[in-house]
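Quick notes on the structure that follows.
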Amino acid sequence: MIEQINKDGEKKNSTDTRTIVITSGKGGVGKTTTTANLGMSIARLGYKVALIDADVGLRNLDLLLGLENRVIYTAMEVFEGECCLDQALIRDKRWSNLALLAISKTRQRYHLTRRNMEMLVDSIRLRNYNFILIDCPAGIDVGFVNAVAPAEEAVVVTTPEITSIRDADRVAGLLEASGIYEVKLLVNRVRPDMIQKNDMLSVRDVQEMLGIPLLGAIPEDTNVIVSTNRGQPLVLNKKLTLSGISFENAARRLVGRKEYLVNLETGNKGLLKRVQQFLTGSEENV
């Protein structure tokens, strides 16, 4: 199995590869959508990118990329010696420097270990990828532990909701405990109209509460549904919406380019105080 994974890659330099886990703790915040759009945007900037769908048995990243009919082999077959890693890495036809690796097929479950993930990522690094983005399973159980094991950096995705913020705070602590200190925040599904009515926390409020450097903010967009059904990330639309522009902006910031953050309005300090009280357990009369 080790020989299958490392075939033809032993002498290549992998020191320049950045391995980033995209995580959230809470499901339904747009983590997989974020992975697809950041990955595609980074590839369009000229970098070689590998995306790993680490959600065992519940993969969706292939659907968002329009690659579901091309997934013949997965990491499971690689580990079992049925194929080599290069056969399981599916190259995107639109941007050949973007590849997808699924851990398992939809109805399969594989007992993945931390060692499996580390070996897998090490082998991808040997193929001279500039970026490896790992789409982490929702939750903080063994799937989370395995997905973050090979990562050196993390992007925490949250929404401006108290439950999502609290989960993001817990995930940030777990990442630090795992030795991942390069963590950035992406606030998704922002509603400027609700912020103006003081019904939603602003992006700045969320960032200040979590104390994590802000990578970007993505507005709520009904085009996400259309994008998912078409298997085409928002950033590939001919006419970019604000959410598509925001994803591209975040991708440029992630690769180190100096880009201004997309401003999605300001918030209300009274609402911020109420949520802070809730998160700290002192929500009397809230």
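Easy rule for this one: first residue shown is 1, then count along the chain.
Heads up, the Cβ atoms here are built off N, Cα and C, so glycines get one too.
Taken verbatim from Swiss-Prot:
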type: BINDING; residues: K26, G27, G28, V29, G30, K31, T32, T33; note: ATP binding site
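Considering only the binding-site residues G27, G30, the Cβ with the fewest other Cβ atoms within 10 Å is that of G27. In sequence order, S24, T34, A138, V157, N188 are the same-chain residues whose CB sits within 8 A of the CB centroid of K26, G27, G28, V29, G30, K31, T32, T33, the residues recorded for ATP being left out. Every protein chain shown contributes to the tally, and the Cβ of V29 (ATP binding site) ends up with 24 other Cβ atoms within 10 Å. Sequence-distant contacts of T33 (ATP binding site), defined as residues of its own chain at least six apart whose C-beta falls under 8 angstroms from its C-beta, comprise L64, N188, V224, S227, T228, L234.
Under a cutoff of 8 A between CB atoms, and with a sequence separation of 6+ in the same chain, the neighbours of K31 (ATP binding site) are I22, T23, S24, D135, C136, A138, V157. By the criterion of other Cβ atoms within 10 Å of the residue's own Cβ, the least surrounded of the binding-site residues K26, G28 is G28.
All protein chains considered, the CB of T32 (ATP binding site) has 25 other CB atoms within 10 Å.
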